[in-house]
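*Asks:* My questions will all concern the structure given below.
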Amino acid sequence: MERHTTLGEFIIENQKDFPYAKGELSALLSSIRLAGKVVNQQINKAGLAEILGKAGKENVQGESQAKLDVLANEIFVSTLRNRGEICGLASEELEDYLVFDEEMHKNAEYIVLIDPLDGSSNIDVDITVGTIFSIYRRISKKGTPATLEDFLQPGINQVAAGYLIYGTSTILVYTTGNGVNGFTFDPGIGSFFLSHSDIKFPKKGNTYSVNEGNYVHFPQGIKKYIKWVQELNEEENRPFTSRYTGSLVADFHRNMLLGGIYLYPQGTTAPKGKLRLLYECNPMAFLAEQAGGKATDGSRRIMELQPQELHERAPFICGNKEMVEKAEEFMQ
């Protein structure tokens with residue numbers, strides 16, 4: 001019987017490739033893995049445990065929170081707080097960042113930004129959802145409380161990023177800047193096993209993911225690009241196929257494996273875009289670039305944008321490098 005590498009083994013084996021290898025990052029990734037397993041368990045029994053539906057609250061963006069949004073956030077916060085690898089955490093679900101100032105956190109080198117449950121509007125109808133995370137080294141002095149400056153770093157400073165996808169199977173995908181690897185959860189054993197090694201975007205793609213219900217609000221360049229992908233051209237394998245679920249993790253994962261582009265541009269109803277730069281755009285951009293793809297706001301590299309606030313939004317175009325560059329041509 002073929003033996004598969006577990007996520008824990010893979011993290012330890014590849015720790016030497018990380019420039020600051022001391023073990024803390026490996027332990028932090030293990031903590032995220034643990035929290036993801038708990039969230040996955042809650043999602044699988046959500047209908048029976050009466051944790052579907054809305055929580056009756058709004059997050060900082062004014063969006064209605066699902067009960068599982070709140071629960072997933074609590075699980076990640078409590079799991080990471082109970083370990084000593086980070087000095088602070090910022091979540092899409094919380095207005096301000098959290099400072100972990102207990103004794104075990106005083107010398108922690110890392111901070112985490114997280115979207116605990118991406119695509120949660122889909123949860124009640126059993127469509128794939130996910131968790132997105134991003135890890136940075138702190139800027140502030142060790143031994144002092146985390147500061148806002150620690151969180152407002154450009155994406156190029158990320159030391160690790162990834163996502164968990166809770167679908168027909170549960171998969172954890174992450175990068176530390178040395179390629180992208182995916183691990184599938186075996187519920188019978190309770191472990192993640194390497195299933196997608198050194199993931200790369202296919203050179204060509206023919207899928208586009210965009211909410212065409214917002215077409216009337218899009219800038220002219222995006223409208224022209226959408227018309228272009230829908231035109232018949234056998235040499236260029238057009239028209240492309242439209243696939244959009246409303247779950248960034250699900251759409252990104254499919255496009256990275258099969259080839260495609262994801263677009264959530266600015267528009268008249270969302271002049272700065274809708275996706276959050278720190279919690280969604282930066283980690284997905286890091287993964288995309290490590291998989292040979294590209295991520296832009298239409299003209300600028302996503303990971304070079306300097307955040308000004310925790311919940312800043314940005315236009316987001318991400319996928320096969322060739323497809324993204326073609327979309328950029330229409331945006332000029």
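Glycine residues also receive a Cβ, built from the backbone N, Cα and C atoms like all the rest.
As annotated in Swiss-Prot:
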BINDING   Glu92, Asp115, Leu117  Mg(2+) 1 binding site
BINDING   Asp115, Asp118, Glu280  Mg(2+) 2 binding site
BINDING   Asp118, Gly119, Ser120, Ser121, Asn211, Tyr244, Tyr262, Leu263, Tyr264, Lys274  substrate binding site
*Asks:* Around the Mg(2+) 2 site formed by Asp115, Asp118, Glu280, which additional residues qualify by having Cβ within 8 Å of the site's Cβ center?
*Replies:* Glu92, Gly119, Gly130, Thr131, Ile132, Tyr163, Leu248, Val249, Leu275, Arg276, Tyr279, Pro283
*Asks:* For Ser120, Asn211, listed as binding-site residues, tell me which one has the smallest number of other Cβ atoms within 10 Å.
*Replies:* Asn211
*Asks:* If you count CB neighbours within 10 Å, which one among the binding-site residues Glu92, Asp115, Asp118 has the smallest count?
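*Replies:* Output over binding-site residues Glu92, Asp115, Asp118: least Cβ neighbours within 10 Å is Glu92.
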*Asks:* Compare the Cα of Leu117 (Mg(2+) 1 binding site) against each of the binding-site residues Asn211, Tyr262, Tyr264, Glu280 and report the nearest.
*Replies:* Glu280
*Asks:* Reported as an integer number of Å, what is the Cα distance between Glu280 (Mg(2+) 2 binding site) and Asp115 (Mg(2+) 1 binding site)?
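*Replies:* Glu280 (Mg(2+) 2 binding site) and Asp115 (Mg(2+) 1 binding site) have their Cα atoms 7 Å apart.
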*Asks:* Measuring Cα to Cα, how far is Asn211 (substrate binding site) from Asp118 (Mg(2+) 2 binding site) in Å?
*Replies:* 16
*Asks:* Note down the number of other Cβ atoms within 10 Å of the Cβ of Tyr264 (substrate binding site), including every protein chain shown.
*Replies:* 25
*Asks:* Just give me the nearest neighbour of Tyr262 (substrate binding site) among the binding-site residues Glu92, Asp115, Asp118, Cα to Cα.
*Replies:* Asp118
*Asks:* Using a 10 Å radius around each Cβ and all protein chains in view, which of these binding-site residues has the most neighbours: Leu117, Tyr262?
*Replies:* Leu117
*Asks:* Expressed to the nearest Å, what is the distance separating Ser120 (substrate binding site) and Glu92 (Mg(2+) 1 binding site) at their Cα atoms?
*Replies:* 12
